[in-house]
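A.B. asks: Pulled these from TrEMBL:
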type     : residues              : note
ACT_SITE : ASP245                : active site, proton donor/acceptor
BINDING  : GLU61, ASN194, ASP245 : divalent metal cation binding site
BINDING  : ARG144, ASN146        : substrate binding site
DOMAIN   : 59-303                : domain 'SMP-30/Gluconolactonase/LRE-like region'
Amino acid sequence: MQRGREFRVGDNGLRPSVSQCRRIGRRFLGLHGHIGRGPVVRIIDIWQVERPELPCSLLGETVRWHARSGRVIYADIMGRKLLAYDPLTGQQDDWSFEAPVGGWFPATCDEIIIAVGQNLDWFDMKTGARRPIASLVGEDADIRFNDGRCDPAGRLWISTMSMSGNPPPPRGRLFRLDPPGILTPVIDGLRIPNTLAWSPDGNSMYFADSPTRETGRYDYDPQSGELGTRSVLFRFSDAVSGIPDGACVDEEGGIWIAVPRGSRVERRMPDGSLDTVILLPAERPTMCAFGGADRDILFITSQSLFLSEEERRFRVNDGAFFAVRPGVTGLPEAQFDPDTIRN
């Protein structure tokens, strides 16, 4: 267990280098040229972003607020760790695993669900005990769990991807966990599945295969868990850097999307229009989630996986954990309901 500094807005601890500022500036100018052709977009600049004292991740992901413990929890996928942070006390905890940690999910009980390698397990954060729920069957050894989330009814969705190649081959899939604990494939042919989130009314599901640079919207039946017609929410133009990664939704229906290779988080409205941009001192943010007692803090993970040792010396914010108050309130994170897999 580690004890870090109490999180206070206004003392961000960021020390971007001159080269980072220049790089972010170039990206901002390119983005500004793009958004300048449309409606006015709100910019939250780098100096409004906080960096709590947490270790850098190789591949930070699946950040979520755990309301039961009052902590923000996230995975370092390739670091094979799950990490928890209490923003009020600064207390940090972490757990190590035998394989990449594809993600975690809050539940309606004291345990959480964790995806490790090809296994989906119950996990007790107090004792470290694990109980199996489901496993991938018939998949190649290089396939692992990736992004996932529970829908508003408490039904669990989770994706897979290959760990071979960059980008990986299209062998990933999106699964729904059905009774009595069966992983049902719903979408095939994915490279890097991401951006899984639902609208406030539960009637729209957002999802992306990151290398396509396109985020889709599906009609969704929250009672049956069935997908309907797909439409394009938005697609990044060639003039803008980045790909869509992890996402969350606020109470107004805004979709907040981390943009790796773009040093930013974007807020898109339900019609796909760009509303807000948060500029970050890290090139590859990976996911964002609202948390805090009032769900008004946006927590953001990032990655440093592809940096050389030399790059790590001066790109000190890559892989870091960030927080910012964007002025809106997030939806409560849906919790897994065990009744959804009972016959």
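Every residue gets a Cβ built from N, Cα and C, even glycine.
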A.B. asks: Name, in the order they occur in the sequence, the residues of the same chain whose CB lies under 8 A from the CB of ASN146 (substrate binding site) and which sit 6 or more residues away.
C.D. replies: GLY102, GLY103, ILE158, SER159, THR160, MET161, GLY172, ILE192, PRO193, ASN194
A.B. asks: Tell me the Cβ neighbour count for the residue listed as 'active site, proton donor/acceptor', meaning other Cβ atoms within 10 Å of its Cβ, over all protein chains shown.
C.D. replies: 27
A.B. asks: Which residues, sitting 6 or more apart from ARG144 (substrate binding site) on the same chain, put a CB under 8 Å from its CB?
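C.D. replies: Result: ALA99, PRO100, GLY102, GLY117, GLN118, THR160, MET161, MET163.
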A.B. asks: Taking the recorded divalent metal cation site as GLU61, ASN194, ASP245, identify the other residues of that chain whose CB atom sits within 8 Å of the mean position of the site's CB atoms, giving them in sequence order.
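C.D. replies: Apart from the listed residues, the neighbours are ASN146, ASP147, ILE192, THR195, SER210, GLY246, ALA258, PRO260, THR286, MET287.
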A.B. asks: Restricting to the domain 'SMP-30/Gluconolactonase/LRE-like region' (59-303), report the mean pLDDT as a whole number.
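C.D. replies: PLDDT averaged over the stretch: 97.
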A.B. asks: Measure from the Cβ of ASN194 (divalent metal cation binding site) and count the other Cβ atoms within 10 Å, all protein chains considered.
C.D. replies: 29
A.B. asks: Per DSSP, GLU61 (divalent metal cation binding site) is which: helix, strand or coil?
C.D. replies: strand
A.B. asks: Over all shown protein chains, what is the count of other CB atoms within 10 A of the CB belonging to GLU61 (divalent metal cation binding site)?
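C.D. replies: Excluding its own Cβ, GLU61 (divalent metal cation binding site) sees 26 Cβ atoms within 10 Å.
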A.B. asks: Which state, by DSSP, holds ASP245 (active site, proton donor/acceptor): helix, strand or coil?
C.D. replies: coil
A.B. asks: Could you find out if DSSP has ASN194 (divalent metal cation binding site) as helix, strand or coil?
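C.D. replies: Strand, per DSSP.
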